[in-house]
Each structure stands twice: as structure tokens, then as C-alpha cells.
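Have a look at the structure below, then the notes.
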There are 2 protein chains.
Amino acid sequence: MNYTVEEKEFFMREALKEAEIALANDEIPIGCVIVKDGKIIGRGHNAREELQRAVMHAEVMAIEEANAHEKSWRLLDTTLFVTIEPCVMCSGAIGLARIPWVIYGAKNQKFGAAGSLYDILTDERLNHRVELESGILEAECAQMMQDFFRKRRQK
Amino acid sequence: MNYTVEEKEFFMREALKEAEIALANDEIPIGCVIVKDGKIIGRGHNAREELQRAVMHAEVMAIEEANAHEKSWRLLDTTLFVTIEPCVMCSGAIGLARIPWVIYGAKNQKFGAAGSLYDILTDERLNHRVELESGILEAECAQMMQDFFRKRRQK
């Protein structure tokens, strides 16, 4: 993955657009895109409430779309951009899909499994390891979550 | 969850039937059923190769079916029976679906996340904890995996 900072910010803004779809549906605002050769091959947003499906996190939705696009469960040579650090399930799914590069915006201290609670993506005991970067558009990614939870507490 | 040993073995045999479907498709033979009030509301088998979807493990397929059956992402008062210890992704999915009871047949020393590599299902830092039991029809569940990998090595 040899994207410039500008390219990384471009794709993270696309992930933020997905997070805005979740926000408009009153879902926890997390968005994701999967990129191959500079093109988006999968998009996803948290849709647990909308679809009443427990596994429909942004990353899983994007992986499902990318698997269909590639006609393969293996997402070789792809980069996954997600606004918030992946949870345990999504970190596991990223490894199972063999995604080699992951970039996330802001940490999730409560549920993150890519540095916060666990280091699933870089665990040497597992058969797939990811090159991980964080902090791209961190403030915007974190702000969207903070606004959502502030509003929810006010209700 | 107040199932007798006979009932637990009955439902694990149903999970083994699902594993046999995977085996017939030349997939790693793992099967799962989700039970509520003594009735199966979700069934699943590993279908990664058949469907070319990275997330299509037995547990995720069963959770998706149970979510549709219940018209809810929350699988309250359910028991998940799976032939082999869940991986990281599936352990995360079980927590996200709020499944309270999990019974698995045999351990997975290489990828298991419910006692082997991780203890995801009983981690007190996460917001959902599972009551876990293992060893039901352990020999049959393990044997199916051993036969599969022995045949694969011979090919």
C-alpha cells in the first residue's frame, strides 16, 4: 500500500460519508471503504438497527461487498479504511479476508481490538498479520462518535 | 439454559449434521445450531469456499438465520451449539448478538478464541459475557476435523 497522505485522507473521507449514512439512520456512526488499485471495491456502514443483523458492522458490510466484487473470499492487495478502530469481530473478519493493510481514524478505548483491548491484527500466533496505521482524519472520525453519544444521552 | 445431557447431545448432533454439509462441499467441517425454548431457530455450516464470502463461518450463518427468525439482532435466551471452539470473529459475533449460552464440542488450539488463544467470551472488559461449556460429543466433533485434514494432506 503506497498511498500518499492526500490519497489516504480522500479514502477516509469516503469512509466518513458512509458513517454519515449510519448517523442519518440513528446508528452508531462508523463507516468503511475497501480500496484496491486506487478504486473502492466495497463500502459499508453500521446497519445493525436498520437491518436487525448483529454482524452488520461497517467493516463486515464492506468485506461482503468486496468479496462479491472480487468473486473471492480473499481480498489480496486491498486496503481497508475505517473511521473507528475495529472491534473483535471485525478484526477477526479482516484477518479471515486476508486484507493486508488497515487504516483507521480514531481509537475505540472500550471495544477496539486493533491496539486498545486486543492486538488481533498483529498477533503473531494467527496466520494472517496486517500492516496497521491510525490517526488519519482522527479528529473528524472521533467527533462524529462524540456528537452521536452526546445527543443520545440528552434524549 | 437448563438442557439435560441428552438434550445437549441431541442439539450437538444437529450441529454435526451441519458440519457434514460443509464436509460434502469440501469445506472445513464445522457446524452450528442456535436453540431457543428447545427449538432450533438458526442453522449454519462453514461455506467460505462455496459462497466465496470470508465471513461465512458456521456461527455467523446461524446468527444471520436466527436474527431473521427473531426479527432482531438480539438473540436473548438462546444457546449456540457449535462443533468446534469459535474463532476470533465468531466469538466477537456471539457477543454482539448477545447470545448468553455457548456449548462447543472440541477445542481449536490454533484459532480458538473461547479458551485457546483468547478468552473473548468471558472477558470482563467487554459488555457481554457468555456462560461457556465444552466437551459435548467432543470425540465426534474432533474426529470430523482430523479426517478432513488427513484427506487434504493426502491429496
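Glycine is no exception: its Cβ is also placed from the backbone N, Cα and C atoms.
Keep in mind that TrEMBL annotations are predicted by a computer and have not been checked by a curator.
Per TrEMBL, the feature domain 'CMP/dCMP-type deaminase' maps to A:6-133.
Look at TrEMBL and you will find A:H57, A:C87, A:C90 tagged as Zn(2+) binding site. Around A:C90 (Zn(2+) binding site), a 10 Å sphere centred on its CB holds 36 further CB atoms from the protein chains shown.
Positions annotated as active site, proton donor by TrEMBL: A:E59. Other Cβ atoms within 10 Å of the Cβ of A:E59 (active site, proton donor), summed over all protein chains shown, number 29. In three-state terms derived from DSSP, A:E59 (active site, proton donor) belongs to a helical segment.
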Requested in this report: For chain B, give the subset of the recorded positions A:E59, A:C87, A:C90 whose C-beta is less than 8 angstroms from one of that chain's C-beta atoms, in sequence order, otherwise 'none'.
Outcome: A:C87, A:C90
Query - Other CB atoms within 10 A, centred on A:H57 (Zn(2+) binding site) - result: 29
Report summary line: Mean per-residue pLDDT in the domain 'CMP/dCMP-type deaminase' (A:6-133) works out to 97
Report summary line: Students should find that the Cβ of A:C87 (Zn(2+) binding site) has, within 10 Å, a number of other Cβ atoms equal to 27
